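Peer 1: I am attaching a structure below and will ask some questions about it afterwards.
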Amino acid sequence: MILGISIVIFVLVEGILIFSIIRYRERPGMPNPFQNHGNLKLELVWTVIPTLVLFVILFFTIRGLLYVAPENEPAASASQPRMEVTAVGHQWWWEFYYPNYHVTTADTLEVPVNTTVHVKLFSNNVIHSFWVPALTGKTDVVPGHDNTKWFVAQKEGTYTGICAEYCGTQHANMRFNVKVVNNNDFQTWVSSQQQAATAPTDPLAQKGAALFKNQCASCHGIVGVNLKQFYDTAQECSDLPGGKANGTPQCLIGPNLTHFGSRNLIAGGVLDNNTENGNCDPNNPKLTQQCNLAKWLKDPQGVKPGNDMNIGELTNDQIQQLVAYLEGLK
Ligand code: CUA
């Protein structure tokens with residue numbers, strides 16, 4: 001409506017302007033044009049008309065604001081149940097913890113369709129902003145001030161989310177997906193995510209598991225390896241009472257990798273977890289391009305400069321072992 005009004009005014013004003021410029025342009029020997037300074041009638045007209053137009057626009061603006069304003073969170077019902085998720089903003093990736101199910105994941109928030117998803121927003125570092133344009137507006141994630149928001153996804157599918165508050169060099173690469181699935185698929189997913197990681201049987205993957213314990217386990221957690229259970233990252237990473245005190249492990253800086261192989265995104269949402277389609281032989285640089293995990297392990301700072309993964313250079317054999325292990329963690 002506002003666009004329509006603006007187009008009419010634009011065409012009218014510019015039309016008269018262009019007409020006047022051409023029709024009344026200066027020609028040699030012309031007298032001074034008629035002076036209308038101080039004409040009360042004219043000045044009233046060009047004040048009152050724009051004022052009226054602005055009031056019309058104000059009406060439509062207020063109507064639009066009321067239309068998009070959030071309603072109160074609906075109570076849980078049989079047709080629209082409610083679930084809770086804690087979204088933790090890290091520099092620069094999103095971690096998701098499901099307090100009702102004790103599941104921790106990263107980069108993809110999986111939720112059932114037609115369910116009120118109540119999101120607790122948590123940061124222990126800088127201010128981020130949780131935004132999934134197709135599902136819900138922005139809400140800041142402020143350290144020491146725990147915001148919440150809620151949304152309902154009415155259609156299955158994958159929706160892109162991003163961080164919408166400048167939070168450091170990789171702010172633009174702090175992405176995530178919201179994957180909306182039907183209720184059965186969600187329950188299946190939850191049950192599989194609740195399991196501890198299975199020990200690998202493949203010799204290459206076994207080497208990778210040993211390497212993980214040696215070199216990765218001080219920043220990353222795997223339930224069944226260096227973690228006893230999934231824990232509430234938000235509580236754990238804060239200095240809130242009951243966080244570190246209740247015997248859960250110290251806050252880990254990197255994502256929980258327990259079911260890494262089941263994820264679609266890695267590295268804070270900047271890379272697809274595309275190992276299955278590609279060949280992960282790091283000795284072949286061309287093929288590494290088709291295997292994002294190998295690419296990431298080879299040079300995490302090259303993929304995402306400034307991120308917390310500052311590791312020594314891994315050999316191609318080590319990369320291959322880690323890829324075999326981590327991608328096997330379904
Ligand atoms: Cu987090 Cu921008």
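A Cβ is built for glycine as well, from the same backbone N, Cα and C atoms used for every other residue.
Below are the features listed in TrEMBL for this protein:
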- 1-72: domain 'Cytochrome oxidase subunit II transmembrane region profile' (DOMAIN)
- 6-24: transmembrane segment (TRANSMEM)
- 44-69: transmembrane segment (TRANSMEM)
- 80-192: domain 'Cytochrome oxidase subunit II copper A binding' (DOMAIN)
- 203-330: domain 'Cytochrome c' (DOMAIN)
Peer 1: So what's the mean pLDDT when you look at the domain 'Cytochrome oxidase subunit II copper A binding' (80-192)?
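Peer 2: A mean pLDDT of 94 is what the model gives the domain 'Cytochrome oxidase subunit II copper A binding' (80-192).
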Peer 1: With DSSP as the yardstick, break the domain 'Cytochrome oxidase subunit II transmembrane region profile' (1-72) down into helix, strand and coil residue counts.
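Peer 2: Computed counts for the domain 'Cytochrome oxidase subunit II transmembrane region profile' (1-72) are 51 helix, 0 strand, 21 coil.
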